[in-house]
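So that you can see what the record holds, here are the features copied from TrEMBL:
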COMPBIAS  260-272  compositional bias 'Polar residues'
COMPBIAS  278-306  compositional bias 'Basic and acidic residues'
REGION    260-313  region 'Disordered'
TRANSMEM  12-34  transmembrane segment
TRANSMEM  68-92  transmembrane segment
TRANSMEM  104-123  transmembrane segment
TRANSMEM  129-150  transmembrane segment
TRANSMEM  180-199  transmembrane segment
TRANSMEM  385-405  transmembrane segment
TRANSMEM  411-428  transmembrane segment
Amino acid sequence: MESSILESIGQEIIGVMSPVSICMLLVVLLVYSLSSSNPFSSAPIRTAANLVYLENPSDSAGQKLEGALLNALVFVILIAIVTFVLVVLYYYNFTNFLKNYMRFSAFFVLGTMGGSIFLSIIQQFSIPIDSITCFLLLFNFTVVGVLSMFSGGMPIVLRQAYMVSLGIIVATWFTKLPEWTTWALLVALALYDLVAVLAPGGPLKLLVELASSRDEELPALVYEARPTLSRNEGNRRSNLGLLVGGVSDSRSVELQAVSNGNVHGDGSQNGRTAVEVRSLENVEGERNRDEGERSPLVVHSRERYSSDSNSSDYSTVIRTRESEIVVDEEMSPLVDMLGMDNEREQVRRDDTGNAVIASRGIKLGLGDFVFYSVLVGRAAMYDLMTVYACYLAIISGLGCTLILLSVCRRALPALPISITLGVIFYFLTRLLMEPFVVGTATNLMMF
């Protein structure tokens, strides 16, 4: 009955590659559109990515390389320090502080950096709009974005759209960095991502392990390929609800289905659904009764037990008002009933105590969106041929990473393979393929 993840991962791969492709496409369009508009046509700005060295066109290649390596080293060290601080805060349960910090960061990026890009678009295309309307549009865009990313009950499509928008804004600003610094930074971040996720004691590895041990979401901006369904168990259509069980001295198992909406703070339980648990000896006498009313799941489960009777001593029968389900002793009843058709779902609790069925679908960090788009945006500043080559390299690397993810079933860094292929394809296209194609086309050998 257990199917391979590779059979169903294709849809999730498309669900991740589509927003990544949209993000890269829009960054390329913005780079082309705003190439002659402020602030992107001005001199390189001083940021955390070029604190040590500010590249000058008159500098030699050796000076640019040395300065770019120093900038990348300092930037990676800063990111490592900030990540370790976040891990310490999360370890000591400063979760509310981290959530407020992420809300402020999203508000700042959407309001200031996004506002600057919005004003540049208005200036570039001479859009007739007054300042009050512009402010109201920007304010609504920012507030709705923060609410959609950090509040429950919002459409998952809106949350995904704002995640992509956030990546587009940050990536567009990173394309402002000098060329040598950009390439050194991308390579350094790919190496750091590899160490931080896979190395023992790596900050991202520690963060993932802490979140997994607590059954909580990662305290980070993460794009989810599939939605997380949050619903109260008392309002579910399923009759099983929450299973409460115990084992008596005589090895008889007693289970009771309790509706979450009827469990009060004082421990009282109302509206209980009686659940009868009997050993297999009592089930055998009733196997042929009510055959027409049994569900296919019951019939299949009993046939499976008959064919493999030597593997277990007895099974457990759970009878509710409308259905009867046979559950093997070795299987968790909650996982079997709630996730039979989807093995990658887990049940946890949110801040309000409601049950949240969290999908174990593919999740991609926002930083991966950003630096994929930075690479393509930097390639767009040279030629469209390099854009195509870098895009194909990044998508191929991302596909390889996702396949490895389905095989390894653990958190993997998404930058190393894609960034390595993207950088290699960029320089091969720029140094070899582009001169060859242009030369053959100029001499009418290829057209």
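Cβ atoms are placed via backbone N, Cα and C, with glycine included.
Unlike curated records, TrEMBL annotations are generated automatically.
The shown structure was predicted, so the numbers you read here are calculated from the model rather than taken from an experiment.
Against the transmembrane segment (104-123), stretch 12-34 has more CB pairs under 8 A than any other of 12-34, 68-92, 180-199, 411-428. Remark: the transmembrane segment (385-405) makes no contact with the transmembrane segment (68-92), by the rule of 3 or more CB pairs under 8 A. The stretch from 129-150, 180-199, 411-428 with the most CB pairs below 8 A to the transmembrane segment (68-92) is 180-199.
Note on the transmembrane segment (180-199): residues 49-50, 53, 55, 64-65, 67-69, 71-73, 75-76, 79-80, 83, 174, 205, 208, 367, 371, 374-375, 378, 411-416, 419-420, 422-423 of its chain, located 6 or more positions outside it, place their CB under 8 angstroms from a CB of the stretch. Sequence-distant contacts of the transmembrane segment (129-150) (same chain, six or more residues past either end, CB-CB distance under 8 Å): 99, 102-103, 106-107, 110-111, 114-115, 118-119, 122, 158-159, 162-163, 165-166, 221.
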